[in-house]
Amino acid sequence: WSGWEGAPYSTLVPSDEVTINYRHGLPVITLMLPTRSERCQFTVKPVVTTVGAFLQDVQREDKGIERAEVFATDGSKVSDATLMEVLLMNDFKLVINNTAYSVSPPVKDKLSSEHATEMEDIKSLVHRLFVALHVEDHQIRKERELLQKVDDLKGELLPLEQMKARIMDSADAKTSRLLWVGLALMSTQGGALAWLTWWVYSWDIMEPVTYFITYGSAMAFYAYFVLTKQDYIYPHAKDRQFLHYFHRKSKKQHFNVERYNKLKDDLAEAEESLRRLRQPLHLRLPIQEISDKD
């Protein structure tokens, strides 16, 4: 023991100074308190009590204890989060101040299959009771977190929404002007062809001209399909031109479209999680699992 790093002490006490007995199925650890010079018994619940909780109880009982640790027989320190049920399966060393106690827990008789099943049922019942008593607090805490997240996201989105509205109005106005310009050009072309046909030339001369104009229009529509992989449908063409103006205007005004879309997705996800969380709170039903989106 004197060679262990991080566990210096001056006295190694025999195992009879710390005894462990089972009473009504629970382990009772009896040890000598160093400053009070009296033996004290600690009844632990091995299924729920951790090593750290047991050591805190010992220090709370004797204020003169400055150091309380548990080591395995190979010298490694036992974590405070380890359950006492695991610790009591093997021998261990209990170090209090500068005194080390060698502890050998008694070997429990193996439970019968029926008794083991009964114990598992009891553990499951205790777990369900714990969840039932604490799930509402967890739901309320989660609801507050989601409400705070929704408020934060709405605060970030507000200036972006205002900027987006201005850009959309500008893009819509430009798209509308382009449509009216297209109508004006088509009207002008029709009037020019009529004037050339009836007042300047005859139909025999203008017929080849109108043919090539129609063929050129067909080539333009086909070129649109080649470039966009879409048919030239007026509503689709209008939406495409609107997006063109929108993104060009966004770039000029430094409007981050990707960040805006990310915030909108996060807000929708938070609101959906909040809706699913509130439903069982109002109806007193088991909470639905909320899966995180990648």
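Quick reminder: no glycine exception, Cβ is built from N, Cα and C everywhere.
The feature domain 'Calcium uniporter protein C-terminal' is assigned by TrEMBL to 61-263. For the domain 'Calcium uniporter protein C-terminal' (61-263), the mean pLDDT of the prediction comes to 81.
Positions annotated as transmembrane segment by TrEMBL: 178-197 (among others). For the transmembrane segment (178-197), same-chain residues at least 6 beyond its ends with a Cβ under 8 Å from one of its own Cβ atoms are 203, 206, 209-210, 213, 238, 241.
Under 8 Å from some Cβ of the transmembrane segment (209-227) lie the Cβ atoms of residues 189, 193, 196, 237, all in the same chain and six or more residues away from its ends. The annotation transmembrane segment is assigned in TrEMBL to 209-227 (among others).
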